[in-house]
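Have a look at the structure below before the remarks.
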Amino acid sequence: MLKIVLVVLLAFLVQYVFKTLLMFDINKRTYNHRPGQCRKVDGPVHGSEDIAIVEELNLAFITSGLAYLIEDPTQVTWKGQIFAYDLSKKTYKAESIPIVNLEDGDGFHPHGISHWIKKDGSVRLFVVVHSKQFRHSIAILDFDKTKWQLNHVKTVRDDKFVRPNDVVATGENSFLVSNDGGAQTIIGNAIEMFTGFFKGGLVYFDGKNSHYLLENTVANGIIFSRDRKTLFVSHFNQETIGVFAWDQKKITIKKISEIETLTGCYNFFIDNEDNLWSGCHPVLKDALGHLGDATNPNLYSQSQVLRFKFSSDLKSTEMVEVFSDDGRFTAASAIAATFDNGKQLLIGTVFRDLTHCDIDVPLDF
Amino acid sequence: MLVKVVLFGLLGVSIHFIFNTLLTLDINKRVYNHRPGECRKIEGPVHGSEDIEVIDKLQIAFISSGLVYLPNSASDVKWKGQIFLYDLTKRSYKAEPIPVLNLEDVDGFHPHGLSHWILNNRTVRLFVVVHSKTFKHSIVILDYNSAKRELNHVKTIRGEKFVRPNDIVATGENSFLVSNDGGAQTALGNVWEILSGFYKGGLVYYNGKKSQFLMENNIANGIILSRDQKTLFVSHINQETIGVYTWNQKDGEIQKISEIETLTGCDNFYVDTQDHLWAGCHPVVKDAAGHLGNVSDSTLYGPSQVLRVSFSKDLKTAEIVEVLADDGRFVSASTIAIPFDDGKQMIVGTVARPAIHCDINVSLNLY
């Protein structure tokens, strides 16, 4: 009897070790290729983790200076900023934009970003913010185009914003937030990853109250389709993309499909043909090494840009790899956004600079 | 007590073996599609385009088609072995089969690897690895008559050292190197060879009269010499590495320089005018094995990958660029890739399916 228990335990252990090694992508690598000429964009050096493209202004907002799972606030020697990049010129230079009236200027480390065009035509930004002590909030900022600054409107804090990663605006004061886990420390995060008992999820804030739409999962990047009827959720650790129907009136989601990618996709962008774009991490062991010691320039990890074209029933997808790099040029891609009718591409990274590429190859075949 | 120790040891070995086998099969890998420009299929070769040989001076490519590989029985082989000719100066996307005259055994001509040599009188001589329907092996030497557009049989060479020949590279008018990609002559034997790791392939040098082993107990798939004929590149497909050796033509010997890990099964090689090595590869073994085990089933396909490998001066390291990747629905199980038109175009061959012709609209010099 005891022998049977031991054999079962051994079998479980062997299977567990095997799956863990596969999760770390021990037999994977990237093969470099680019869709055209690529150049670095001056400006953001400590990250370009998320990008919001405001097509009406031909402008991209880029969050930089992320602080993530911080053990010691004194380690955070970089500044959190939001950069603006003019998409109508190939300047390859992004400018840091002033943020006026922040509650805590020193504790502003932006993560996910989304925007909403208000009734008066002005642009409102929703930003996931962490402090140096890894406290979380959502900052709402209005863009003043004439003064070229961001005005702080409101900071929203909520106990359901457990470990917010990305945000998507659903109105002038409402939004969805993804939690990419529950642990607040590196050790806790490792335990969460290894056990598979994820504590992340999806939260809807209606302007006053918040409630859970998804719990006990990992949700990284989130975005709506152009018609605002479909929600895409990156389940980073499971290496899948969840596709949900979104009902704005009832504030409910309903699962349509889950796309396996075999790569860790981060943040999302929807182009004007409703293709989903994402910055991904194809080799997890190298990504963890780089992200665990982000200021070490000798450590870098692979970048991958994928474009997903969904079937009309949203149950299957065609994937095209638009960009792939071993990390020496672009390390740990987190977001990819296209503009200029799909002829140009911006690639943001978790802790490094921004890449701007031309797209000279066909993506539909 | 001793029995328990032995049993635990065996258990450990078994777990390790299963683990390595599953990794070898690439169970957690996939291909993400991308192309360097517009691509189209080439009409003509439908039962394979396993090797392609470009004659720079004539701007033509020879394509071997109709490969027979580890057949279960001769009656399974319903296709014809052919050599196609493709004009690289036109975008005809159509290759013509070229007549092969005076063959000893027309029905048993199933070509595999190709190489060429320019004779003193400027004639193009082709060296072809040939298998029969019963999987007997030989090397066929053919001279190309460009006026009549036909291939004339010159000689057929058989040798016991041509155990299971795959690719060939000419070193003279009557001399060549041949790779053996294993020793087993049946599909089952091949599986056993791969699983056990006791490889019986290698490299053979034939000097015009006699042959000798240069490498044994290995796997050698594609082989090619650098443009200056001083460096030999060998594809160790099962180990997923590329072996780099110095080649000494006078002494007929090789010396190892390095071994480049690719994490993909690279098949045949081409060296371009700037000495970049191009390879058609199989990035996911389990899908390639499924497809190649039943090549007539059109619902089965294997992923394709084209890599350009650029070596450091000391030939010890390499930069790898992925030029094309396909899950197999467009181009299935790529084996060879050849750039031309100053690197602005490319043709890609497959084991058992049509070849494709692509434009290259992106820079491949990234570092």
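From the backbone N, Cα and C atoms, a Cβ is placed for every residue, glycine too.
So that you can see what the record holds, here are the features copied from TrEMBL:
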type	residues	note
DISULFID	A:Cys38-A:Cys357	disulfide bond
BINDING	A:Glu49, A:Asp50, A:Ile113, A:Asn165, A:Asp166, A:Asn220, A:Asn267	Ca(2+) binding site
ACT_SITE	A:His111	active site, proton acceptor
>> Around the Ca(2+) site formed by A:Glu49, A:Asp50, A:Ile113, A:Asn165, A:Asp166, A:Asn220, A:Asn267, list the extra residues of the same chain whose Cβ is within 8 Å of the site's Cβ centroid.
In response: A:Thr63, A:His111, A:Gly112, A:Val128, A:Val167, A:Ser178, A:Gly221, A:Tyr266, A:Ala334, A:Ile335
> Out of A:Cys38, A:His111, A:Cys357, the recorded positions in the record, which is closest to A:Asp50 (Ca(2+) binding site) when you go by Cα distance?
Replying inline: A:His111
>> Under 8 Å Cβ-Cβ to anything in chain B: which of these recorded positions pass, A:Asn220, A:Asn267, A:Cys357?
In response: none
> Between A:Asn267 (Ca(2+) binding site) and A:Cys38 (disulfide bond), what is the CA-CA distance rounded to a whole number of Å?
Replying inline: 20
> Given A:His111 (active site, proton acceptor) and A:Asp166 (Ca(2+) binding site), what distance in Å do their CA atoms have, once rounded to a whole number?
Replying inline: 7
> Do any residues at least six apart in sequence from A:Asn220 (Ca(2+) binding site), in the same chain, have a Cβ closer than 8 Å to its Cβ, and if so which, in order?
Replying inline: A:Asn165, A:Asp166, A:Ser178, A:Asp180, A:Val233, A:Ser234, A:His235, A:Phe236, A:Cys265, A:Tyr266, A:Asn267
> Taking the Cβ of A:Asn267 (Ca(2+) binding site) as centre, how many other Cβ atoms lie within 10 Å?
Replying inline: 30
>> On the three-state reduction of DSSP, what should I expect for A:Asn165 (Ca(2+) binding site)?
In response: strand
> What kind of secondary structure is the residue listed as 'active site, proton acceptor' part of, going by DSSP in three states?
Replying inline: strand
> Looking only at A:Glu49, A:Asp50, A:Asp166, A:Cys357, the recorded positions on record, which one has the least crowded Cβ, with the fewest other Cβ atoms within 10 Å?
Replying inline: A:Cys357
